[in-house]
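**Student:** Structure provided below as structure tokens; questions to follow.
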Amino acid sequence: MDWMRLIRDLCFNPRHTKWMAPLLVLGDAFLCALIIWKVPCKATAKLRSHPFATRERDYTLIRGSTGPLVYPAAHVYSYTALYHLTDEGRDIFFGQILFAVLYLITLVVVLCCYRQSGAPPYLLPLLVLSKRLHSVYVLRLFNDGLAALAMWVAILLFMNRKWTAAVAVWSTGVAIKMTLLLLAPAIAVVTVLSLSLGPSVGLGVLAVLVQVLLAIPFLQNNPAGYLSRAFELTRQFMFKWTVNWRFVGEEVFLSKSFSLALLAVHIVLLGAFAVTGWLRYSRSSLPAFIRNLLAGRHRTVSLPKPYIMSVMLSSLTVGLLCARSLHYQFFAYLSWATPFLLWRAGFHPILLYLIWAMQEWAWNTFPSTNLSSIIVVLSLATQSFGVLANSASAFYTMRSNPSGKEHNQ
């Protein structure tokens, strides 16, 4: 039965990722080219009506193809560049090629993260098989593709302890789309455990400075207008576009009590992850950890790469689970995280593939239905609670080493 041992080794031995990953990238490049060739692009208006083409600096007066601009400054710069690179939005084909390259670069970064975390090769095919993910990138040209690249580059940098670069890249991603704020709790935990309180606060200041520097042209003109539009936290979402909460009905979806309930669940889940998983490397109870941290007695820890990736992606998925409304483009953040989280949750490979397929079906159902939205929420809950229930393995399979202070890089 040597062939059985060979198949098992190919599926479970992480050393095979080194040669499998380039083959998957090559195959996916061919698939992207085929999609661009055969499927009409759906993002012509997005390229042809870019708001910054008029050089307007008052954020309250800038409009895009779908109405008032509601994204931060880096989004404006990114799509201004795209607007000019595509001959003022007329060369849609070249725009698709650019987003296909963006997709493939992000895939390479994701594969690097998977390899460094020791993930088994049987997860890798799931990283290139998503119909919805290809649509988000090469057919819809959403800014979420740019933000997702920033997210994964930041995760890779955090895994390799490049703290300053990681925070700068992450904050730039936040300036493309606020979804990346969902990583903030994880970043706080990882940096505090690795560097202690003072350096972590310094990195937080750096993140704010990146936002200020990117927004200077708009802050000089109308700072209140920029902050209210770019970082609007009270935005009312339209029920007809929701992917996740359609099954609760429009009245509940639009109610303030539902929004507050989701916020409360989000806070409780973050606390549960912190107590049962994220902070256990501190080797003390939560009250003792806080006391030691404030008193300057916290002993820094060299965190293993699988732990860092698990903390980052679990923070992301908890945030998506408790989001007021998810739209189809949000799959850019979730799709590549799901296989890893299901693996860390300890699911059998067959069950893992089944959950992935159900999630993929739900996100490809347009418009969303009660059933598809239930599956979206259940799949997110399965990933979040699965990792939480399996926290002993999900966060502690690798030993950490006490160390002195780690320097910013």
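Glycine residues also receive a Cβ, built from the backbone N, Cα and C atoms like all the rest.
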**Student:** Would you say Swiss-Prot puts Thr86 and Pro367 in the same topological domain with respect to the membrane?
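**Tutor:** No - Swiss-Prot names a different topological domain for Thr86 than for Pro367.
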**Student:** Among 19-39, 92-112, 258-278, which stretch has the most Cβ pairs under 8 Å to the transmembrane segment (138-158)?
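**Tutor:** That would be 92-112.
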**Student:** Need a quick answer: max count of Cβ pairs under 8 Å to the transmembrane segment (336-356), which of 19-39, 201-219, 258-278, 374-394 is it?
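**Tutor:** Per the Cβ count, the answer is 374-394.
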**Student:** Based on DSSP, tally up the residues of the topological domain 'Cytoplasmic' (113-137) by helix, strand and coil.
**Tutor:** 19 helix, 0 strand, 6 coil
**Student:** For the transmembrane segment (168-190), which stretch among 60-82, 201-219, 258-278, 303-323, 374-394 has the most Cβ pairs under 8 A?
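**Tutor:** Per the Cβ under 8 Å count, 303-323.
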**Student:** May I ask for the residues of the chain that lie six or more residues beyond the transmembrane segment (92-112) and have a Cβ under 8 Å from a Cβ within it?
**Tutor:** 17, 21, 24-25, 28-29, 32-33, 36, 41, 43-44, 47, 82, 85-86, 124, 127-128, 133-134, 137-139, 141, 145-146, 148-149, 152-153, 156, 336
